[in-house]
Amino acid sequence: MLKNLVVLTGLSGAGKSTALGLLEDMGFYCIDNLPVKIIDQILPIISINIESLALVIDSRSGDIDDIVSVIENMKAKYPVKVIFLNAKDEVLINRFAHTRRNHPLLKEETSLEKAILEERKLFIKILELSDIVVDTSNLNPHQLRERLVGILTSVKKKFRLRILSFGFKYGVPLDVDFIFDVRFFPNPFYVVGLRQKSGKDKEVKNFLYNTQGVKEFLDLIKKVVDFAIQRYENEGRTELSVGIGCTGGQHRSVFFAEELFKFYNENCKVILEHRDVK
């Protein structure tokens, strides 16, 4: 009897093959590159004797409209979680250069950059159907495994809230549902004695606690997150990802992320990540 069905989808080069191997290590029966038109026929047969199944569905699988239709059918019939793997363009380009593989949409008259852009446009509908988006740009295989384990175990546990601090100067994360920009508060980087510290340190916390508007904005973030969690749970979703951004990802964003972690940690499973803390 099928209890766990995972659909891995996303951009070419974003790590679906690596993720599929990790799911296989976790006990999933894995199928890659299955034509989308036969999935509806095969699933009822497979689901009789398999508890955990992972499918890769991507641009090789068939027409985008057919893929959307199949995913919608699976969501109506099975306990499916759709995981969309994403990555920044420059990362995808480097990965294709490193592996020397061709992008599935690459043609003689098309550059790799244009092929990636075309695939992004094609996958907008699938991205909207996805339950979880994972940005693999900065993840090694071990970190990707940790993300997958957290995502899949959250199905059996209470709601999962992921809080990510980051610096805008290093790029906007692709796998968050909300982004709160805290750059309008004074930057501790320019305060004597605080430059080398982070938002985890007492001195930085005291500085920001005493900054006008910080507490009020923190309360506003909590109200938005509370509202989103309630609506996500009503729709059967199990994870909300919140990004907190400042300039360098060292002080203000870390402080706000730490405060949110303390506030929510007792009521739901909270994962705290500081992407750019050195």
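The first residue you see is number 1, and the count goes up from there.
Backbone N, Cα and C atoms are what each Cβ position is placed from, and that goes for glycine too.
Some features that Swiss-Prot has for this protein:
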- Gly10, Leu11, Ser12, Gly13, Ala14, Gly15, Lys16, Ser17: ATP binding site (BINDING)
- Asp58, Ser59, Arg60, Ser61: GTP binding site (BINDING)
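Sequence features, as recorded in Swiss-Prot, placed on the structure.
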residue: Gly10; record: ATP binding site; Cβ contacts under 8 Å, 6 or more apart: Lys16, Asp58, Ile83, Phe84, Leu85, Asn86, Phe123, Val134
residue: Leu11; record: ATP binding site; Cβ contacts under 8 Å, 6 or more apart: Leu85, Asn86, Ala87, Leu92, Ile116, Glu119, Arg120, Phe123
residue: Ser12; record: ATP binding site; Cβ contacts under 8 Å, 6 or more apart: Asp58, Ser59, Leu92, His103, Pro104, Leu105, Ile116, Glu119
residue: Gly13; record: ATP binding site; Cβ contacts under 8 Å, 6 or more apart: Ala87, Val91, Leu92, Arg95, Phe96, His103, Ile116
residue: Ala14; record: ATP binding site; Cβ contacts under 8 Å, 6 or more apart: Leu85, Asn86, Ala87, Leu92, Thr136
residue: Gly15; record: ATP binding site; Cβ contacts under 8 Å, 6 or more apart: Leu85, Ala87, Thr136, Leu139, Leu144
residue: Arg60; record: GTP binding site; Cβ contacts under 8 Å, 6 or more apart: Asn33, Pro104
residue: Ser61; record: GTP binding site; Cβ contacts under 8 Å, 6 or more apart: Asn33, Leu34, Pro35, Val36, Ile67
Extra residues within 8 Å (Cβ to Cβ centroid of Gly10, Leu11, Ser12, Gly13, Ala14, Gly15, Lys16, Ser17), ATP:
Asp58, Leu85, Ala87, Leu92, Thr136
Within the same chain, and leaving aside Asp58, Ser59, Arg60, Ser61, name every residue whose CB is within 8 angstroms of the centroid of the CB atoms belonging to the recorded GTP site, in sequence order.
Ser12, Asn33, Val56, Ile57, Gly62, Ile67, Pro104
For Gly10 (ATP binding site), which DSSP three-state class applies?
strand
CB within-chain contacts under 8 A for Ser17 (ATP binding site), separation at least 6:
Asp32, Val56
